[in-house]
Amino acid sequence: MALLTHLLVCTFGMGSWVAINGLWVELPLLVTELPEGWYLPSYLTMVIQLANIGPLLVTLLHHFQPSCLSEVPIIFTVLAVGTVACALFAFLWNVTSWVLDGRHSIAFMVLTFFLALVDCTSSVTFLPFMSRLPACYLTTFFVGEGLSSLLPALVALAQGSGLTTCVNVTQPPDTTPSTATTGKTVFLQGANSTLGTDLTGTTRSAIHLESRYLPANFSPLVFFLLLSFMMACCLAAFFLLQRQPRPRESSIEDLLTSQVTLHSIRPREGDDLGPPDPGPSSKAQGLPEEKTASDHPAHLAFIYVLVAFVNALTNGVLPSVQTYSCLSYGPVAYHLSATLSSMANPLACFLSMFLPHRSLPFLGVLTVLGTGFGAYNMAMAVMSPCPLMQGHWAGEILIVASWVLFIGCLSYVKVMLGVILRDRSRSALVWCGAAVQLGSLLGALLMFPLVNVLRLFSSADFCSLQCSA
């Protein structure tokens, strides 16, 4: 029964962000079809953050009307909406409308908003629901949350989403560039453009290398239907969790009952022994030495600030520039960084099950370390299209490793902070979810003008890129 519950909790946790993560990994294929092009990631970031109206409403209701708020119907609703929205995506993702000065993916943006509303609201409903289960299941929930990024990434990898190659493109003189190709290559040598001449010296045509996307193994329609199936599995898992014979609140009630019993017995045993020894009583309260990190108000404030900061980096700041930081090193580096960093998330959560460390100084140091890797990723994005060691194998290894370690370190921190707050109270988990969304919102609001308005980042075409040594 315990193994089945772990499996259900893991599947349930996967539903927290699987839909939005699926959109992100499908972006390399979507940007070639939608009119927004490579500005689509920053548009998505803003649309996703607008959906924070959902968690804001839930948090306000929890604060002012806690008695009228029940997570169960909200969770059923958001999972059902997510399943339907993913199914609609399969048929409407490429529908465009003429708005103001051009065509825009209005249907895509509207459906993205509903998916984001589902996933953002999960932060303030799924975690409080987990307080009804024994503490050992919370880490399993975070493993499932990590799988919400890994499984779509593996599907996108099987799809071949966004794989590119370099082709020779012939451009006749005094004409616009042609898409006709005269050959294919997989890397760039020498100059990126040559001119053909006849015997009289007249220029005939220009030949240069350009990136071309390879056909996907299956269409976005199939991909989004698979996403809808994943969401349906999450809905079924939550339904089965509700049908489990053991009441969800029993773990907490049993703990409180055992504490009352122990406290009521202690004075009788200690009538002739002086003041009661606090040792056994404190042990019965669930290892308070591990919970002291969240007992002091300053420590609690530090935890919430850390939650907001970590999620600002992982959900708002760095995702907006991943393409800029990786594509200059080539499509292989980009795909490895996206896929392996998605694998780092559940692996870090799984590691926390066997190597838990609740020390706030340790988590602070790990946050600084992860932030350092994030700073390297940001620096390479700023230096695009000619970052450090561009064109060298060491540069590719560094950028992939940096993204993996960035996600891995901060994912571990997020899990342990959630475990600390879970031991405090259900309300602490609600505010933890609010801090998650606040940090994500602030990160997105910071990056949107930098990417779309000021345009501080330059995209790179790996095939035609020439950087000075």
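For all residues, glycine too, the Cβ spot is worked out from N, Cα and C.
These features come from Swiss-Prot:
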TOPO_DOM  1-6  topological domain 'Cytoplasmic'
TRANSMEM  7-27  transmembrane segment
TOPO_DOM  28-43  topological domain 'Extracellular'
TRANSMEM  44-64  transmembrane segment
TOPO_DOM  65-71  topological domain 'Cytoplasmic'
TRANSMEM  72-92  transmembrane segment
TOPO_DOM  93-105  topological domain 'Extracellular'
CARBOHYD  ASN94  N-linked glycosylation site
TRANSMEM  106-126  transmembrane segment
TOPO_DOM  127-137  topological domain 'Cytoplasmic'
TRANSMEM  138-158  transmembrane segment
TOPO_DOM  159-220  topological domain 'Extracellular'
CARBOHYD  ASN168  N-linked glycosylation site
TRANSMEM  221-241  transmembrane segment
TOPO_DOM  242-297  topological domain 'Cytoplasmic'
MOD_RES   SER251  phosphoserine
REGION    266-290  region 'Disordered'
TRANSMEM  298-318  transmembrane segment
TOPO_DOM  319-335  topological domain 'Extracellular'
TRANSMEM  336-356  transmembrane segment
TOPO_DOM  357-361  topological domain 'Cytoplasmic'
TRANSMEM  362-382  transmembrane segment
TOPO_DOM  383-396  topological domain 'Extracellular'
TRANSMEM  397-417  transmembrane segment
TOPO_DOM  418-427  topological domain 'Cytoplasmic'
TRANSMEM  428-448  transmembrane segment
TOPO_DOM  449-469  topological domain 'Extracellular'
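Counting Cβ pairs closer than 8 Å to the transmembrane segment (44-64), the top stretch among 106-126, 138-158, 298-318, 336-356, 428-448 is 106-126. Between the transmembrane segment (7-27) and the stretches 221-241, 298-318, 362-382, the greatest number of Cβ pairs separated by less than 8 Å involves 221-241.
Taking residue pairs at least 6 apart in sequence, the transmembrane segment (298-318) and the transmembrane segment (138-158) share fewer than three C-beta contacts under 8 angstroms. DSSP places the residues of the topological domain 'Cytoplasmic' (127-137) in helix, strand and coil in these numbers: 6 helix, 0 strand, 5 coil. Against the transmembrane segment (298-318), the recorded stretches 336-356, 362-382, 428-448 differ in Cβ pairs under 8 Å, and the greatest number is found for 428-448.
Here the CA atom of ASN94 (N-linked glycosylation site) lies 29 Å from the CA atom of ASN168 (N-linked glycosylation site).
Its own atom aside, the Cβ of ASN168 (N-linked glycosylation site) has 16 Cβ atoms within 10 angstroms in the protein chains shown. When DSSP labels each residue, the topological domain 'Extracellular' (383-396) comes out as 5 helix, 0 strand, 9 coil, counted as helix, strand and coil in that order.
The stretch from 72-92, 106-126, 362-382 with the most CB pairs below 8 A to the transmembrane segment (428-448) is 106-126. The average pLDDT computed over the topological domain 'Extracellular' (319-335) stands at 83.
Same-chain residues lying 6 or more positions outside the topological domain 'Extracellular' (93-105) and placing a CB less than 8 Å from one of its CB atoms are 30, 33-36, 40, 111, 220-221, 224.
In this view, ASN94 (N-linked glycosylation site) is surrounded by 14 other Cβ atoms within 10 Å of its Cβ, with every protein chain counted.
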